[in-house]
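Report on the following structure.
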Amino acid sequence: GDTLDDYLRTDGVWLLTRNKEFYKTNNEKECAEKCEAERNFTCRAFLFTRKKLQCLTLAENAKMTVMFTSTDAVLYEKRIYLLECKRGIGTDYRGTEAKTRRGIPCQKWAEKIPHKPNYTPEKYPNAGLEANYCRNPDGDESGPWCYTTDPATRFDYCNIPECEDQCMQCNGEDYHGEVSRTESGLECQHWDAQEPHMHGFTQRHYPEKDLKMNYCRNPDGELRPWCFTNSPNKRWEYCNIPRCSTRPPVSGLGSQCLSGKGEDYRGRIAITESGNACQHWDTQFPHKHGWIPDRYPCKGLEENYCRNPDGEKKPWCYTTNSSVRWEYCTIPPCDRTEQGIAGMNNVPVQVPLTEECYRGKGQSYRGTVSITASGRKCQAWNSMVPHRHIKTPDRFPDADLRDNYCRNPDDDSSPWCFTTDPNTIWEYCSLKRCDDHTQE
């Protein structure tokens with residue numbers, strides 16, 4: 001394939017980086033060849049300017065340094081260095097995990113203390129033995145490992161999740177692989193085509209679902225990824241994508257209160273708003289249903305607790321009352337005061353006003369605006385689609401990275417967000433600076 005297929009392209013951005021080399025090239029492909037041949041450092045990305053035809057090979061990518069707008073530039077990042085997951089046994093893993101599965105920091109590959117290594121950057125120049133990152137230079141069947149900084153433990157394996165383009169977690173809602181045949185071998189119809197089957201699943205209607213080419217996807221919460229087929233006799237079919245052997249990383253314990261639609265609610269309320277007890281999810285009496293816990297392993301369908309597995313407006317459950325199939329549950333909102341929770345049935349919920357302005361650089365902004373200055377919708381902070389990033393709620397616990405609200409976790413000049421537009425990584429938000437006197 002084309003050399004550029006190994007790179008992720010982003011138009012109109014520039015990276016601030018010290019370690020770079022300048023070259024004169026005629027096009028992006030020639031610049032990619034300079035990156036592949038770079039010997040002064042490990043080339044993770046390159047910048048190409050269209051007007052000057054200038055090529056800059058870079059030691060860093062957008063995960064590692066600051067990015068800003070530059071109209072004439074195009075950034076190409078090597079995909080392999082953006083992946084924080086492994087394919088197979090992970091011999092090509094080039095992520096930045098640097099501790100063992102037990103949490104012990106890794107020893108740098110170039111150092112000899114506390115352990116004298118057999119595998120060094122000099123002996124294995126193509127194995128990616130940089131810094132103290134987990135690697136698999138010897139093709140170990142158990143995956144990436146490192147020498148540890150604990151004198152009593154020479155080496156240990158690292159906990160690297162499997163890439164979901166090879167397998168699927170949960171029900172494959174986040175599957176972004178390139179399988180494009182159904183389980184019976186039929187070729188998939190392109191999502192942007194309306195023949196042989198007309199449908200509404202288009203990139204325009206579902207911009208966050210990565211409906212590219214004719215790849216299998218799960219945009220509607222089905223059991224697993226599927227596609228429309230190129231056979232006029234078969235409208236759609238599931239795809240045969242293996243389930244990942246490692247469990248998905250657990251993001252906290254789930255919310256104990258209502259945030260948004262409550263899809264992450266994992267509390268223990270098991271009674272509906274009219275007072276009916278909830279039916280256990282793993283039973284089919286008194287109501288038969290399809291929400292079977294084994295089929296939907298990541299929806300939290302435990303016991304008979306209220307849940308929202310299907311994107312309803314709030315958590316619900318089937319009831320033990322044979323004449324009432326299902327009902328919503330009353331879950332206390334996360335932004336309610338303790339006093340409000342205590343008098344839950346009597347005190348009206350105070351809905352916080354949306355803050356439309358920010359003070360200073362906006363690091364204290366806690367409003368709910370989620371639209372950028374150009375009108376694009378913000379990507380949720382805990383999502384990696386369409387843009388992978390490290391600005392996650394667990395890494396920035398004090399920045400209030402809730403839902404997809406505009407925030408300023410990194411001391412930028414004003415609140416911003418990643419966008420749901422695959423071609424625009426991030427933008428500042430549609431917010432004004434507060435006028436202190438007006439605010440008073």
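Glycine too: its Cβ is placed from the backbone N, Cα and C atoms.
Quick caveat, the model's predicted, so the values are computed rather than measured.
When the candidates CYS306, CYS334 are compared with TrEMBL, only one is recorded as disulfide-bonded to CYS329, and it is CYS306. Disulfide connectivity taken from TrEMBL links CYS244 to one of CYS163, CYS167, CYS170, CYS317, namely CYS167. Per TrEMBL, the disulphide partner of CYS317 among CYS278, CYS298, CYS334 is CYS278. Neighbours of CYS406 (disulfide bond) among the disulfide-bonded residues CYS216, CYS227, CYS244, CYS278, CYS334, defined as a Cα within 10 Å of its Cα, are absent: none qualifies. Neighbour counts of Cβ atoms within 10 Å were compared across the disulfide-bonded residues CYS167, CYS244, CYS257, CYS417; the minimum falls on CYS257.
On the backbone, the CA of CYS278 (disulfide bond) and the CA of CYS306 (disulfide bond) stand 7 Å apart. Rounded to a whole number, the C-alpha distance linking CYS429 (disulfide bond) with CYS357 (disulfide bond) is 10 angstrom.
For the domain 'Kringle' (356-434), the most Cβ-contacting stretch among 1-80, 166-244, 256-334 is 166-244 (pairs under 8 Å). If you take the CA of CYS188 (disulfide bond) and look 10 A around it, the disulfide-bonded residues you hit from CYS216, CYS244, CYS306, CYS329, CYS434 are CYS216. A separation of roughly 38 Å, to the nearest angstrom, links the Cα atoms of CYS227 (disulfide bond) and CYS334 (disulfide bond).
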